[in-house]
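J.: Attaching a single structure in structure tokens format; questions to follow.
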């Protein structure tokens, strides 16, 4: 039997994959993917599941049909680490921190962590993957509850409900102080048009509000279907009377609401956040409230939870605050308990988990052979989606694998998953892997098709090149379009290094590392020198340059690899070169 391979030796942590011996999943002989194999436990062979925070009774009852359930609440870290070595699964909400020390203390027995809710900020995913522990969540059951809470905060804020309630309970009768604003005819900008955002939009429409939304990857027809207008981020925040945040917390959205964005808003705007605390720069919001740019804010989530006792934002008279109650309805908590219980039980049985957020198991030999192609597939997906004009909505992706191998000798499921990961994960809080990629793509309305191009020659390399096309979208870089109008990028592995070899109709030779500037230009002498000079003057290190052209003296595309992101001023200088017709900066 082949030995298990430490993932860190062949993949970066972002790939979120672990391996299993080849005898468990021999290629082309068994297509089922074994996620977890439950070891023998006490209690007549039943696994043991530890629940550390209150879970709906329906979920507990479901767990007890399959496992021995230990409900131990308010455990210290030391107590949790002591108990965990006797448990096969752990179920938590947001209050239990599941860090590396917990996985180390489990001594390899802990196989599944279930998060009763959506966010997994309190679980160390890297450590979970390293220790071979699957992490699942319950992302759907609390959608309606979160949307209802968002609307409740919206209306309570507009009519000063919390402040008026506190006043009358203090024995006062000050009606004039709490004159509110009407919602009818006002513009609500919903930032993030996922499940919760779209439900908030539906309800706001019912209140007579004009609803606009910004989500760069939401299809416009999906928004139109419920009477919502899809607009740019700048239009959304500058025209809204109310803003409701429904964004995942990612590197791109962290502190998205800051001094700069507040300055772009209407004076007197009102903001609701039932998403993630970190999307708002809380110090900047406090300044915006004090200056009157933001008239009121209604917050259910905070950067640090619970907030400190004397938190100025919570105490501000224009802020309505609740202690992370978005999912706190009896119905939602029962639904979440059932959803997480089903996911944990299924994982312990070795079934596929559509809500897995870190790591399925795949054959060792497949990982070894496809390692550079996995990186190539993800980078091509990431590059292609950055070429899409915001608001176009990605709904049709085609992946082509050119190979001299027979179709049944090339397992592309992992590559397909990584293309999806590259396209969706940068703009989502969802972690994409082999298990949940198709599920997430379908959920977001993205249709993925694949085709094989059989080449003549030796099957020494599993794949000669991979092509990713995105159809029915507008491109930020017109030269990336194929003859049929699709965004098209193509790449291959050269000496173990993933490389970009084609953009649209133009051939290039670009190592897919760092970042790249693509420029379309008139093919004439001196262009490389002009661009290199601008970058050098701004201390931007150039790692490579490549030029592809249709014919001498006609159009050409130049690809410039850079180690860091140039400033806007630097990019403008490049764009101002007369012979350059268009350019785009892409993070790889």
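Including glycine, each Cβ sits where the backbone N, Cα and C put it.
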J.: For the NAD(+) site, Swiss-Prot lists 195, 196, 215, 274, 275, 276, 324, 325, 326, 327; sort out which one of 259, 290, 300 goes with them.
T.: 300
J.: Taking the Cα of residue 324 (active site, proton donor) as the centre, which of the recorded positions listed as 195, 215, 300, 305 lie within 10 Å of it?
T.: 300, 305
J.: Other than its own, how many Cβ atoms are within 10 Å of the Cβ belonging to residue 324 (active site, proton donor)?
T.: 18
J.: Just to verify a number: CA distance, residue 305 (active site) to residue 276 (active site), in angstrom, no decimals.
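T.: Residue 305 (active site) and residue 276 (active site) have their Cα atoms 11 Å apart.
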J.: Could you state the CA-to-CA distance between residue 300 (NAD(+) binding site) and residue 276 (active site) to the nearest Å?
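T.: Cα to Cα, residue 300 (NAD(+) binding site) and residue 276 (active site) are separated by 9 Å.
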J.: About how far apart, in whole Å, are the alpha carbons (Cα) of residue 195 (NAD(+) binding site) and residue 276 (active site)?
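T.: Just about 15 Å between their Cα atoms.
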J.: As a test of reading the model: what is the averaged pLDDT for the domain 'ACT' (516-588)?
T.: 85
